[in-house]
């Protein structure tokens, strides 16, 4: 079979497979390996308006080696700015400038969207000790930690338990109602149990009752709710007092210690400021049928953020540059989100401030957050809910199938990843916009089965440098970066040519729109995580 016929066969087989409920790998997948081999782009096609005339052109032109050059630029920016690119820092501003200038040079009109947010950075570890009835010192990151977005403070006070419900299987509502603080002695430290409502509500109720500080301990209703976790009082917290998180066992012990007095110190910086999203779109394409692609540009304060999420940002930037002269049928809009690490602030602001008619124009949103993890897996957001139960908005299952089809065409295995609201698709989900995307893993541990699928080491984190100083260029797996950059390019190209697979799924769901809307509202009300941290 000729290469030309190979290509024609691939496109035909792929179109059929994507529309099917169950996808099978093309029978001649091995023959396509040569076509997909990295390092063989056709320069005349890569610089041509015909780049997206088929979904196969853009992935062929998007080379990981060029993405790595952009990652090196982001690492250089971090190196010149205290080792990070966190939102509202000079390193982030330099990252914004780099993306903006690169897009402008490619011919894009670029919008830099400011938005308010509360910057939060730990300056050092906290301290916690008992002074009465006897001295005890507790260990940082073993017995207690900060809730993200806590205020700073240095408090010594009596500890007062608030409406606790101890024991396995408990349904704690501790601190969720103002009435829980009846007769609460002002100036005390409120000891509150996790459960039911969000941490912000608990802390603000305590502050309103006159608490000088708050300790929220884990719920203890199940074995996985006893230790420390990444938790937050939220970017909108206005209680004005320090809040720390502790283990369930410590919380129980403190609640049963008469006349307990604790000294807690929280050493953080928290201030209201503003930062930016960067948005650009192709000059051509139907403006009423937009395919939106997004990746967060900011890092955490602790490191340069080259995998998280320089990888998604740099791959998206390289793709945008390649698409600058292309002729898509549908307009492609790119966004580099700010303050994702502070709680998806930039993407949430963007979606919530779109007029209803503008939201309707976004047919699909594609999210790329961490696509170069060193011990990677090929993870696709579970749009159809077949792996984790929660479905995306109508059209999301079709997007998942497109990604699955790509991996099968490449002879690669893949699997679903949970819709857990840890990245910037969250507000698109809440707005009922079809979404999909890729992820190669963060702090979770690779299983034996996954090691057999993808290689790497079982029992080891997908990214041991997640949210750490060592998240630099050396932390990038270039094989993962190549595969996932190509997958991003493939699905973006496909949808830029036609959103029929998404349209058909939305139309099919139309008769069930009311029940689907109620399901979406219920799902949104049950969200326990928003970004990196648990919110309740």
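A Cβ is built for glycine as well, from the same backbone N, Cα and C atoms used for every other residue.
These numbers come from a predicted model, not from an experiment.
Here Swiss-Prot flags 1-24 as signal peptide, drawing on experimental evidence.
In the domain 'PA' (152-255), helix, strand and coil residues by DSSP number 25 helix, 25 strand, 54 coil. According to Swiss-Prot, the domain 'PA' annotation covers 152-255, on the basis of sequence analysis.
Around residue 296 (Zn(2+) 1 binding site), taking its Cβ as the centre, 31 other Cβ atoms fall within 10 Å, counting all chains. Residues annotated as Zn(2+) 1 binding site in Swiss-Prot, with similarity to another entry given as evidence: 296, 308, 369.
Residue 341 (Zn(2+) 2 binding site) falls outside any helix or strand according to DSSP and counts as coil. Marked as Zn(2+) 2 binding site by Swiss-Prot on the basis of similarity to another entry: 308, 341, 467.
Here the Cβ of residue 466 (site 'Transition state stabilizer') has 23 other Cβ atoms within 10 Å, regardless of which shown protein chain they belong to. Taken from Swiss-Prot, the feature site 'Transition state stabilizer' covers 466, and the record attributes it to similarity to another entry.
A mean pLDDT of 97 is what the model gives for the domain 'PA' (152-255). When secondary structure is read from DSSP and collapsed to three states, residue 467 (Zn(2+) 2 binding site) falls in the coil class.
Sitting within 8 Å of the Cβ centre of 308, 341, 467, and not among those site residues for Zn(2+) 2, are the Cβ atoms of 299, 300, 302, 303, 305, 309, 466, 471, 532.
The distance from the Cα of residue 467 (Zn(2+) 2 binding site) to the Cα of residue 308 (Zn(2+) 1 binding site) comes to 7 Å.
Counting other C-beta atoms within 10 Å of each candidate's C-beta, the binding-site residues 308, 341, 369 are led by 308. Put simply, residue 341 (Zn(2+) 2 binding site) is 10 Å from residue 308 (Zn(2+) 1 binding site) when counted between their Cα atoms. Close to residue 341 (Zn(2+) 2 binding site), meaning Cα to Cα within 10 A, are the following recorded positions out of 296, 369, 466: 296.
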